[in-house]
């Protein structure tokens, strides 16, 4: 939404950008705000169908593969196909959005519970609910798209037909990108937000390779997005439309999985890239440390020192161990006299003079 508003206010008709910033979403109950910090990638502009959409999916695939979070699946659907399904099942248009949000619960609830919510809370007839059930439990690839294009009811619905045509095109491009192995056309995917107008997608983690990590199995969705062609027009005084497609990567969720995994493996996480700590073994050698660290910095070496005039050597070496700094460059009075530096490997405690 902030991106769409930015495009409208600045009359920007095409733009491709990634962005990490705070986003507030109102939670329930009451006027509470939830703060998110998503990594967003969006493509705005009038382009030929499904080319930018395919690129968004390629990027999600690349990020999740590179992070090595384990097995994942990117579910893809299209708002127009869903609306077409609702229409042929006899759902009045006024109930599309509420039906949508119920369908979206299928990844967390069995069909029986979703069906009873549709009938009990949303007021759909049992026949209509069963009819929807026949469609929303389907998932597959190009073969399923072809089958639905032949479906006597769906193929009569203009919206569904458009959506399926685009979905077929999308899968052809994803095949060229070589990523269809991780992508599933899933009719239960609805994504709760009602500003999506076309393709919608969500990436879910399947289960962890690591048996010790029980909590992270339920992490579920780690990325989501879709096409929102009408949003910029809502903020533009003249209603000018800018087609957009984008994706958000859920940084917090990904971090929590990585943290759990590190905890389980017992590894130490380095919070710094420092290569060497400049240390001194005796008092009154701050000047020597400052001179040496300055030379290292100028040479592009990541160096640190403790901000104390006369720190104890043990304390300096302990700091290296705690933060995972691999080397200590030690200059004592003897080293200064000899014009050398003693380089100590913190882990093995081996030292060389250079």
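Glycine residues also receive a Cβ, built from the backbone N, Cα and C atoms like all the rest.
Because the structure is a prediction, the values reported are computed rather than measured.
As recorded in TrEMBL:
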- 25, 42, 191, 195, 196: L-histidine binding site (BINDING)
- 53-254: domain 'Class II Histidinyl-tRNA synthetase (HisRS)-like catalytic core' (DOMAIN)
- 275-354: domain 'Anticodon-binding' (DOMAIN)
Which ones in the same chain are close to residue 42 (L-histidine binding site), with CB under 8 Å and 6+ residues apart in sequence?
3, 15, 16, 17, 18, 19, 244, 245, 246, 247
Tell me which of the binding-site residues 195, 196 sits in the most Cβ-dense spot, judged by other Cβ atoms within 10 Å.
196
What average pLDDT is reported by the model for the domain 'Anticodon-binding' (275-354)?
96
